[in-house]
Amino acid sequence: YQLLFQSEYDWNHTEAKQPVGLAFKDGRIQENRGKVLGGSSSVNGMVYNRGNRQTFDDWAHEFGAEGWTYREVLPYFKKFENNTDPQIVGDGTYHGTNGSVQITSWPQPVDPIVRIYQKAMNELGYNTTDINGAVQTGTAVLQAFIDSRGRRSSIANCYLDPNPFPQNLDILTGAHVIKILFNGQKAIGVVFVRNGLKYTVKTRREVIVSAGSIGSPQLLMLSGVGPRQELEKWGIPVVADLPVGENLQNHPALDLNFAIKEQFHDLVDSGDSELTIDNLYEYYTNGSGVLTKYYNCMTYRSTKSNNNTDFPNVSLQLALLKYPKDPSRVTVVQFEAQDEWKAYNRHLLGKPYFFVQPTLERIRSRGFVRLESTDPFVYPVINSRFLSDPQDFEDMVDITLWAFYVFEHPSIAPYVRPHKPIPGCKFCAEQPFAHKCDAYIRCLIRQVTYTGCHLVGSCRMGAAHRRDTVLDPRLRVKGVDGLRVCDASVMPTVTNGNTNAPVIMIGEKCADLVKEDNSVSA
């Protein structure tokens, strides 16, 4: 899936400069977003992770988003889910089996090296769990948005492909919406550009904006819905003065690569995952082979600052991957010092390795999306303000130290090559272990913290009387009629996990809200 990044299927956004991500090109962190049917569900890492139940209860109880407690959203998670693993589904309390989106467990048995890692997690005190079930804290080989033939379950191929000619839906690809039209305070249509021509479409009932946590706030502000001061700065007439673009939240993460030692390559069954003729034949003909495998594990835990261990605030994700054999296919263009990073990663070429990602899942830092121009084709300013809250930085230090502790632990260390200091940072002279070198960890975080690609919150929903909300709990834009937002931007706070599953849940619930508000039968 990483081959899709920086391609024609990627919006190729970048973050504003900030005090982390210093090693990246121009000191700016990339934001990869799906520019294709299915949006980011067509280009993401396919992890099936709903997030903790407490997140949804907080939406309702702390932010006034009535109707969004875990008890009330669980039926919508189950509604879209077609889970094919009976052991996970159990009695059906937490999982569905009749939905549009197929969710699968990876082919069994998993590679021996993955079993060794999971056994090490158990020995460290983390029980195997279903992270989407009753208890999130623990460790798991994750389920994924993959169908039974090893193909991606994107929202496009799950909802659209089985219904090629729906009577109530027309789709235009390559159409860029540039403005929402209003008659007074009522949304009456949109203007879009396609193939260089401008078109206007009027609506009889509602306009629903689903342009994502970057595109939705940009479109609203260009249309006069946003902070008065920001709109007046750009000479945009104010339709509704609302905090659009504020409250942006995103998970900060790190990439750590640990090469598996040559003498243990026989513990990797997934084989050579290059796009060879044999691999492609096996994939397309039989729905099997190495191109259908992507073993991904996650361990949830809490740092010292988290007083609710049932609601973990950090995670360690691990994937078993194989580095390309051809150096030209190694993506290092995002780094400023390209030659140094090419040399740094040379030992990985053609070899299996653990891709390890310590992530801060519950964040205090808040960012923003703001206009860069009144030209709708000019990208807005995106600033997640990663780790700007001091406690966020300390929690990131905590989970990163623990990640190194795991891979320097006797149960894992014999299987992997030792970590080398990254360009721009150095180990403590007196300390051979990275997990005991606080200065190195802090340098690492400042240099290569990047995005978890989980942008949310820029059109926050909540109680209508709150001044910090853009939408009411029914996802309607406050102060206007006939306008609704339905995407990740509506979340009051980011879930402590991947955002694809909760966004699908939001879509399913929004569909019911639209039908209820417009007296349409289910």
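Here the Cβ of each residue, glycine as well, is placed from N, Cα and C on the backbone.
Residues annotated as domain 'Glucose-methanol-choline oxidoreductase N-terminal' in TrEMBL: 34-57 (among others). Mean model confidence of the domain 'Glucose-methanol-choline oxidoreductase N-terminal' (34-57) amounts to 96 (pLDDT, 0 to 100 scale).
The FAD binding site annotation in TrEMBL covers V36, N44, G45, M46, V47, V177.
Across the domain 'Glucose-methanol-choline oxidoreductase N-terminal' (212-226), DSSP classifies residues as 11 helix, 2 strand, 2 coil. Taken from TrEMBL, the feature domain 'Glucose-methanol-choline oxidoreductase N-terminal' applies to 212-226 (among others).
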Using only the residues recorded as binding FAD (V36, N44, G45, M46, V47, V177), report the maximum Cα-Cα distance in Å, whole number please.
30
Run through the Cβ atoms and count how many others sit within 10 Å of the one on V47 (FAD binding site).
20
